[in-house]
Amino acid sequence: PRLCVVGSGPAGFYTAQHILKVPEWDLAAVDIYEKLPVPFGLVRFGVAPDHPEVKNVINAFTQTARSERCAYYGNIAVGRDVTVAELQQAYHAVVLSYGAEDNRVLGIPGENLSGVYSARAFVGWYNGLPENRDLKPDLSCETALILGHGNVALDIARILLSPLGLLRKTDITDSSLAALACSKVKRVWLVGRRGPLQVAFTIKELREMINLPGTRPVLNPADFTGLENAVKDAPRPRKRLTELMIKTALEKPGQKMMEMEAQAAAVQAAAPREWGLKFQRSPQEVLPTADGRRVRGVRMALTCLEGSGDSAKAVPTGDVEELECGLVFSSIGYRSLPLDPAVPFDTQRGVIPNSSGRVEGVPGLYCSGWVKRGPTGVIITTMNDSFDTAQSVLEDLQVGVLDVSTSREGFGAVESILRSRGVRPVSFSDWEKIDAAEVARGKAAGKPREKIVDLQEMLQLIGH
């Protein structure tokens, strides 16, 4: 069997890995196609620079890519350089694992004002995603507002408020480090439509934020009254997360008032930076400065919750308030886009309609990862999801849904199509040259790597 996977992020690699390790199909070969010259998707471009341990999965992916039954072809945009139909001609099965390369929009007036950024673009900028290299965010204001209560929102707050000494040792890009060094941002509000019991971030990220050196959390005790009872029977992760927020909000200083005030003054002087969570506020409009160009604040509708737990809905109460800020990040989720007219796509949900990864109505076509189930979850969620899709492919090979009796040419057929269109693929050993160059540049600066953010420079380096 010749199989191909489109996308080299965690979904693509885990799907390939699972297919390659099944003994009864030890003749199966998997080709991985990637739009960029460099592999690993959001592990490289999404995971925060100060979370290097999360990137360790790259070691396993590299083992997969080096297997003699696996090949990597970078710098190929499926849907543009080669169509899905052409891939289906060349392979017995095609798995689409190309993720979510867009962001959800707020859909409110003023979201295109200068100073408003999508979380996706900002994360791409500090992580060296080539398409975001020229973002040049204006960090000259004191207060930033992040709309969203997920881990990406906390990542952005942490990057904005982290001491430079901590970031300097990471693989954050040189130009973003320089921009952050000149940043005036010292206050970050994270705003969500629902309450403390519905936040989407996890305890590890919250704890990191609470313990960030030189920064203090500002949580309003009133937001947490009565929550101890409400959370008694909640699942353990939700319970622990809520208890940590309550503890942070209600932390009572010691008895000796004088000492305490002196300490507080010292802390204030030493910790000019702060961040806080605001709840039950839904953005209505980004407010412009007098010249109509930049953001000066956000008007929020205050909400009340109908229902409870994860399914609670935020309903506007009719009251509004304005929050002043010079910088807004919209962190309300990523969004998948249709890749090719031949592939069914549910624009409402932003996914390819499928059952267990089998694309509806198109035999031999599969999907895994965010384009299969929507842009949620962490790498481990994607791993399980990809194994599920790989299992569907293997079952279909087993029962003969995929006809392996006719041989398929695989990359041989695709290569001539690409050549006729003037497209040159990048191999995994080409990537390893780029990798070595990045690591060498990083070493000179005392970092794990210095990412190359210019596509032309990557291709020049490998003699393309």
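Just so you know, glycine gets a Cβ as well, placed from its N, Cα and C.
What TrEMBL lists as FAD binding site is A11, E34, L42, V78, W370, G377, V378, I379. Listed in sequence order, P10, V43, V54, V57 are the same-chain residues six or more apart from I379 (FAD binding site) with CB atoms under 8 A from its CB.
Summarising the annotation, TrEMBL assigns NADP(+) binding site to H149, G150, N151, V152, R193, R194, E205, G377.
Figure note: comparing Cβ neighbours within 10 Å for the binding-site residues A11, L42, V78, V152, V378, the maximum is reached by A11.
Note on N151 (NADP(+) binding site): other Cβ atoms within 10 Å of its Cβ, all shown chains, come to 19.
Counted over every protein chain shown, other Cβ atoms within 10 Å are most numerous around E34 among the binding-site residues E34, E205.
For the binding-site residues G150, G377, the ranking by surrounding Cβ atoms (within 10 Å, all protein chains) places G150 first. Taking the C-alpha positions, the distance from V152 (NADP(+) binding site) to E34 (FAD binding site) comes to 24 Å. For R193 (NADP(+) binding site), the same-chain residues that are 6 or more apart in sequence and have a Cβ closer than 8 Å to its Cβ are Q280, R281, S282, T303, A314.
Comparing Cα positions, G377 (FAD binding site) lies closest to N151 out of the binding-site residues N151, R194, E205.
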